[in-house]
Each structure stands twice: as C-alpha cells, then as structure tokens.
C-alpha cells in the first residue's frame, strides 16, 4: 500500500522533505536531518547559521556533519545535514573532480571543516571536499546538458553553500552573506545570485541565468550521451590534470578513514575502532575510525559507527559484527593490494592495531521505499511504498502507477531502474521484473550501507533509446577523401561500419567527426586513438556535444571560449576553471586538446555567437586562421572575436583595449566587458613565400626548390634584425621551456639577446628589394624592415609614430593598407620601445613584393624562421575579420 507522496520544490533543500534528527530532543527534530547535541567549546567558535561568534562555553553541534549553532538559532536552521543531502537531489549529476590540490580559505561541503590538507574540487561547480569525504558527497553537480535522463526545459537555481568571496552580499536583505570562519551563505551556480541561508528559501525558484544569460549556452539545447565516458572526457578536460591523483587509485576513498579527525586514542578510558560499512569497503580496505569509551553501550557504538558514515537511520536497525585481524589479512576477504602492507606487521604491534568491525543491517520483513518518477512531475518528488517479501519489481510498478496518475497505462511500458548517485559517477541498472525488492535492498546494504543511502529507484517509461556519440578525431593526413579517411580508420582503429559513420570531414585540417551508435564502441575508439599514430603523427580524440540550434532563445548569442593553458604561466589553467563555472563548460575549449576546430564544429549550427580567445597574439592568429578555413561551414560565418591577452607582447590586445596582459582581473567582469564590447573590423593579410633557391640536403644531387608557403598575418611581419631577435628568443625557449612562464622573464631574455646584437651591423637594404603597389621603392640604410597592420609593435611601441605626414594616410586597422617602417638597429628599436623615437616611414600600400637576395630572418606575428632567397608577396586576405573592442565607458545593462 502507498504511504503517500512528497513534494520537492525546485531541488531546494529548504523546501524538501525534512527528515529531522534522531530523537535528540525538540531542537534536533526541527532541523533537516541534523542530530544536535550540546557541547563544551574549547576554542573560538562561530555559528554556521548566523556566522556570529558563539559566546560562552556551550554550543550545539550536529554529531554527523559538524554544523555548529547558537541555541537561539537552532529553530531557524534550514540547511540540511550531509546525511540527507542525497535524498534532496532533484536530478542526479556526477561531479568532475580534478587532481587534489591545496585550497586556502575553503571549507569541505560534507564535514564543513576547513581544507587544510590536499582536497578535491569539482571543475564544473563550487564543490570542495576532503579526500576522505569525497565518497560521501552526493551527485548534485550542475546539469549542463541533456543526456536522455530527466531532461527538462525549465531551470531552477542550483544552490551551493559557502566558500563565497568576502564582498558577497545577499540578494534579499542586501547584507554581507559570506564568512571566512565557517561554511555559510548560498550561491546559485548558474546565475550567481547570493543569499543568506535564511534568505535563499524565499527566492523565486526559477533561474534566468543572470547577467550573463545572453552569453551562456543554454543546457536545454546541448545533448551529450556519455554513459561510458568520465566527466573529464565529457568536458574535454586534459587528463594530465589527473597525474597527481592517479598515483594512488584509492585517493578518493577513505582508506585512512577519518584519521584527520580521530587519532588512535592514548586515553586508556577510550578505544579506537576500525569501521567498515560493508563487503565492498572490506575488499578495498576503506575504513573509518571512531573513538568511543571502553564502557560504551553497544547502541552507542552502533550510533557512532553510523554517524561516521553519514547515516541518520535508527541505530536499532543495525548491528556491528566483529572479525579478527587474521580474517582481515586473508586474501579471500580483502584484496592483495592493501593486504600486503598490513601483513608485514609483526606480532609485537598486533595489540596496537584498532579492533575492526563491520556495520550490518538487521533483516526486515517489510519496509518503506521511495519511488521517483523519471519524468519531472510538478509538485511531486517521489511516492512512498511499503514492500514485503512478496513484492517484486512488477508489483511495485503496478502499485506506483496509480499514485502517479498513470493507472490506465500498460505495465509493460514501464521499468524500474536502480540509480547509484556516486559523487564521481551516476550508475543506472534496470531491475528484472521478477526481482524481489527486499532481497535487492538486502544485497545493496550488504555491499555498502553508504551506497544504500545514495541509491534511488526510478520508474521509467520504456522507449527506444537512440545512442549517438560524436567523436572528433584529429591528426589525420590532410586533403583526403571521406572514403580514404574511412579506410585509414578501419585499418588503424578497426572501426565497425555498422555502428560507426563519418558525419563530417575537415579535409584541410585532417580531421573527421565520427557518429557512433554504440557506447562500448565509442569508448574503445576513444581509448585506442590516444595510442595511435598515422604517418608518425599522433591522433587525438575529443568527445563533443550536439547543439540543437532551434532551442536557443532568439536574443541569445553564446560565447565560444578558447583558452591556451600554456600562455601566461598558470593563469590559463585558472581561467579555464573560472569560465567553466561562470558559463556552460560545453562552450569552453582548451586549445591544447584538439585545437580550435572542435569548438567551431560544436558551434557550427548556432545562428549567432561570439568568440573569446585567451592567449597571446600567436594563439589569436591560430584561432583566426582556423576560423578563416572553416568559415564556409558555419551558419554564423563572421563571429566577432574578443581577446584576453595572456602572452608576452599582446599587441593586438592593446590595440583593442583589452590591456597589456591579464593580471588576475575578475573573470566575471571580463565576460561582462566582452558582452558590452564594440564590433570593429580588422584587415588580415596573406603572405606568399616563394623560395627560388633549392632546399638543402637534396637527394642524388638533384636540387628541388622549396614549394611555395602561405602564412596569414594579423599584426606585423618583420625582416632582418627584428626577426633575428625573435629567432634567438625562440631558440632559447626551446632549450629551456620551463623557465619561460612569466612575461617579466620573457622580456628579460629579449633584452639579453638584444644586447648581444647591439654592435651588429647589417646592410639589409642591399640584400632585399621592395615593390609597393607595382612601384619600386628605394630603401634607406636599415637593418630591419617591418610591415605593420596595427598601431602597436614590440609590446606596445608605436613604430609608425603619431606625427602627421602629408605623404601618408592616418593608419587604421581596417583601411586595407599596410605601413612599411625601417629600423637602423637594436639601439633604434630600444629607443622606439622607450617612446623616444619612431621608425623610419618608408611606404604605405595594399600589395607588396619583397625580393630576397640572400637568406634572411623573417618573423610573422612572433613566429620566426630563416627564409631562403626568393620572393615574398603580401596582399589582403579576403574579407575583414570582426573583432571586439573593449568599450571606453561601461554601459549600464540590466541584471538578472
């Protein structure tokens, strides 16, 4: 029979069913899941509700999650205890944990204590947890895409408690809502709205995505089938982030249990016990430590054991079974990996090893279970159903359907799915129709009491699920036909043509997109690509989502973000994390993982979008070059591009007012500036390098000239001394790349190589000939010739100068003209960069031919090389590109 239904408003814990404490008085029962007990304070302590100091020697602490409170605040506590957090999750979504790291002034979401030791953080949301608390974090991450499970179009606020900035102010009462002492305050991880734990419950549940709503790629229009892929793969987060954590496979477990809280007691009146929560914990040797009085009653020990596993059930339903140390050390009980260490312990130390116990649930003849509808039913989170030894999956479905208003439908149209909501993975298993439910519950509890607390049962409609995984594969030979690419993939990866097809081909870039209709085949190909090379070039694979453009709101112009993590030291990594949190992580792409092409392919059907490139001028040129090549395949063929300068020179960033370089500005403010930026046009130039002299090292004495080479230019092109300095810097960086991680060091190296060339003389004007717009130009005595497209060169210097000159037009970045300037040497270049002189103005035009009479250093946008004698032709490169220029005055736009 049914015990009724419960409502769950928008996933907000405060409006969810309150389970109360476990009989510790009226104060406990009024708080959601907490078990408060009066404690004596031995150090300065702050209330987690009001954040004020707790005066006196007494306070109230939850025995499960360590929530501290004034006595006067107990009746107002609305933040749920960690033990009931899994029951309040609206849609289970696993977290995406990077490597463990040190996070200052942050608090653990599970135990509420500060993160003094290495801890984990989710790369997608603001969750922080200790390494031994990660198993108890529930799968309540942001839902950033539709995956066929509980998809919906209305988004509610996704609240996360604590770890707010010191300037945080409550949206409701406008007062400060952050605390540096405790985990306090609430923040929506979509719109960024902030509120006190007492105020957030009155905020309207629907989320509008806040100030950045027009830039965010709406999760409702993103689809990704990702069953066999980790969250790191889904969000294209480099796996080298995992190197630190992979050293220990059990780093996310609790092998050392709560050793940070409970040390082996030296007090003779207390004893320390090892507690396992089931067979799985025994096999993995993952235990928790508790310290209890030697004269403690059995019920008290059971209760302490349940508390350490964040279980708030009645202790009378459980018992502790003991087993000897010899049993623990036998290979048939625990795996050999963890047994090896313990087995070396001599008999002398046996007495100091804590006694080990395992929590077991007492058998029941009947119990009440919750059944959640897989479709999100307004006003109803689950129905409660009483089951007994005769109840099977089929009888449960039969009893539940009438309670959900589906009594007229056929039982065969539904199935019961068991869902384990782990912090790192959400696992789903369809139950057999004849499966006895009580037996299933017994098996889960025997495996792990903790897992039982994180397990739900969903009633799901039977529907033919369409599996479609899109895999971008790059690094293939360019300019091949689709059939040739298919043959290569069959040969190298043994793809199965019945489940794998090539949906898109990018011939110029040597890349394809595979559409795969089988999860296991998609995973196999993804893992195999990592170890595959074609023509000595390694392949790369990226899981990419599918964007339904028709679902994007009309006024929405999503921002496609490219970040080069190698630029700007470690700032690129920090920006990746910040932008993934502020936006939808599916619109943030790491350029070292497949380049710009996966991002442009993902956005290819979106009618209007903008681009933000985080990197140096070379990175900007890389993205603009890729955009030029793929433009014809984009619905939005001319997206505007903004720059967040992370490089050394950042000349283009300076011209477009984005600054000399990123120095830690608030990423949110940067996104607002991008939204308010002005659209401007910029010329791009094509440089044809046609060497007339044969290449060195020709076989059999037969000399073949080098084939013509084409490069794109955005900023400037230099010949002579300017390029020679760049080349020396480039060689120095290749020799010791680890040292080149700051702008200050990079500029220091430039100065050093410049000083080495200070007495260098070179008659460049005798080694080259210049033709501008079909007219020969006589060159003065110079050492360097520079073609400039933007009024910034060499980290902000004005090489052309600001003086008026009747011979030339005033330079602009969209005038279709290049300025040609000469420098007489290193000293002259230093004077230009110091602002004391400008270059020697030589010419201005739109078509240039340079004849090299001998090998000369050449650099284009910071990329240098030695160019053999021959012709260099510079001409305009097709349509102008749309860039975003930071507004001088900040416009006032309405917020959320």
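A Cβ is built for glycine as well, from the same backbone N, Cα and C atoms used for every other residue.
Residues or ranges marked as region 'Disordered' in TrEMBL: 1-34.
Residues or ranges marked as compositional bias 'Low complexity' by TrEMBL: 7-33.
The domain 'Phorbol-ester/DAG-type' annotation in TrEMBL covers 33-81 (among others).
Within the model, the domain 'Phorbol-ester/DAG-type' (94-141) shows a mean pLDDT value of 91, rounded to a whole number. Residues or ranges marked as domain 'Phorbol-ester/DAG-type' by TrEMBL: 94-141 (among others).
The domain 'Phorbol-ester/DAG-type' feature in TrEMBL is assigned to 156-207 (among others).
For 365-464, the entry in TrEMBL reads domain 'Ras-associating'.
Residues or ranges marked as domain 'DAGKc' in TrEMBL: 554-691.
The stretch from 33-81, 156-207, 365-464 that makes the most Cβ contacts under 8 Å with the domain 'Phorbol-ester/DAG-type' (94-141) is 365-464. Taking DSSP states H, G and I as helix and E and B as strand, the domain 'Phorbol-ester/DAG-type' (94-141) has 3 helix, 12 strand, 33 coil. Assigned with DSSP, the residues of the domain 'Phorbol-ester/DAG-type' (33-81) fall into helix, strand and coil as follows: 3 helix, 14 strand, 32 coil.
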